[in-house]
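As structure tokens, the structure follows; a few thoughts come after it.
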Amino acid sequence: MVVPTWIYLIVLFGLSILTILREPIYICILAAILAGLATHKLIPSFKPQLIKARLCGTDMHKKDKRLLPEAVGVVSGMSYIVCLCLLIPFPFVKWFLNEKNGSQLNQEEFPHHKFEEFIAGILSIVSMLFLGIIDDVLNLRWRQKLLFPTIATLPLLMVYIVSYGVTTIVVPIPLRPIFGRIIELGPLYYIYMGMVAVFCTNAINIHAGINGLEVGQSIVIALSIIINDFHFLLTGAQPAVEAHTFSLFFLIPFVAVSIPLLWYNWYPSEVFVGDSFCYFAGMTFAVVGILGHFSKTLLLFFIPQIFNFLYSCPQIFKLVECPRHRLPGYDEKNNKLYASRADLTLPGAVSKYGKIILKIFEFLRLVDIEYDEKTKEMKSVNNFTLLNLFLIKFGPRSEKNLAYMMILVQILSSALAFFIRYKLVDLVY
């Protein structure tokens, strides 16, 4: 692919400005813009190659059942990794520019722990992107998908152990008479961080199934964390400033490479993002949350994903019949989506505990159960996903309209997260 001349001009102009500014964050923004432009140009060129490699799938929610390239998230992932690798020196540029004994680096002040965190974060994201590609090719089982993030998180956990080793948590005010102000969790703290990584990488993958949803929700989450980062940069103390600057170096390029992918993945989609995008996006969030020391705040921005996971648990853990795909159904006549259903008449479709859960969900009006008119036995139930729940509550609608609704839910959830984080937190901590 021939790189247009104007891109070189932008690079030269940007470098001349940055030479004067010497501000790492501006370098990050410029590199992110270039990575985004490169991604926008690369995606069309990769489409025929992916189809030729048989990494493609049918868009089931379209009348023409088009064959689209899958795993295009790999293109965004590659651009992202290249961008991060090029950015490695810049968060530490002031130490390299610090003159001592001529132009020697001041080794005593250099933040080796931050450098190690940055490299470990990149390594974890690269590992997760690679494992996502394997999943796109081999179509792995859910149990195997849960194992992958655990392996990819090991570099993060090792760096955390070496650099900090802090395994205490602050107890919420209502529980302090029982447990005290601080609890030492020991190894349980590392298990918690590993679970955060596993959840983040799979939560986006579970909350998917329509054009634009995977990338759209990821961009909203990333922008929410970026807003939170800038809040701390303007008002926080030095340790918080360092942690949230670290977060920005990961998230600004992520948003930049995700926007072109959303452009091609939005309704009517030209590409599928694949599991590779969901995995590397989730691991990016896990990296900034764990190494930035704001994992609880991070989880607040995952409210829809947390609800969707908890709602899906009866099917994920086989308490209720779980089809291979739980995508919404498609009505070709009206060009609308409707809630897909699980057949409860199959042998072993509902366990003893599954029946109890179905009754509870029915009482809470979270499911639509179809009963046999004669026997009064349960015949079918909607699949337990947030998409199907919305289709039950608001009726069949177009895929584009449903995508807008889901993105709006994500935005409103982020607003709720900010309210909890900055208004209600004083009642708890």
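Backbone N, Cα and C atoms are what each Cβ position is placed from, and that goes for glycine too.
TrEMBL lists 6-37 (among others) with the feature transmembrane segment.
Annotation comment: TrEMBL describes 71-97 (among others) as transmembrane segment.
The feature transmembrane segment is assigned by TrEMBL to 117-134 (among others).
When Cβ-Cβ distances below 8 Å are used as the criterion, the transmembrane segment (146-169) is approached by residues 113, 116-117, 120-121, 123-124, 127-128, 131, 135, 140, 182-190, 193-194, 197-198, 200-202, 279, 282-283, 286-287, 290-291 of the same chain, each at least six residues removed from its ends. Annotation source TrEMBL lists transmembrane segment at 146-169 (among others).
What TrEMBL lists as transmembrane segment is 189-208 (among others). Residues 124, 128, 145-146, 148-150, 152-153, 156-157, 160-161, 167-169, 214, 217-218, 275, 278-279, 281-283, 285-286, 289-290, 295, 298-299, 302, 304-306, 308-309, 312, 385-387 of the same chain sit 6 or more residues outside the transmembrane segment (189-208) yet have a Cβ under 8 Å from a Cβ within it.
Residues or ranges marked as transmembrane segment in TrEMBL: 215-234 (among others).
Here the transmembrane segment (246-264) has Cβ contacts under 8 Å with residues 24-25, 28-29, 31-33, 35-36, 39-40, 43-44, 72-73, 75-77, 79-80, 83-84, 87, 90-91, 114, 117-118, 121, 212, 215-216, 218-219, 222-223, 225-226, 229-230, 233, 270-271, 273, 277, 281, 284, 287-288, 291-292 of the same chain, all six or more residues outside its ends. Taken from TrEMBL, the feature transmembrane segment applies to 246-264 (among others).
Taken from TrEMBL, the feature transmembrane segment applies to 271-292 (among others).
Per TrEMBL, transmembrane segment is recorded for 402-422 (among others).
It is 271-292 that, among the stretches 117-134, 215-234, 271-292, 402-422, forms the most Cβ pairs under 8 Å with the transmembrane segment (71-97).
Long-range Cβ contacts of the transmembrane segment (271-292) within its own chain (Cβ-Cβ under 8 Å, at least 6 residues beyond either end) map to 43, 47, 55, 57, 59, 68-74, 76-77, 80, 117, 120-121, 124-125, 127-129, 131-133, 135-136, 145, 148-149, 152-153, 156, 159-160, 193, 196-197, 200-205, 208, 214-215, 218, 221-222, 225, 243-244, 246-247, 250-251, 254, 258, 261, 264-265, 298-299. For the transmembrane segment (117-134), same-chain residues at least 6 beyond its ends with a Cβ under 8 Å from one of its own Cβ atoms are 71, 73-74, 77-78, 80-81, 84-85, 88, 91, 140, 148-149, 151-153, 155-156, 158-159, 163, 197, 201, 246, 249-250, 274-280, 282-284, 286-288, 291.
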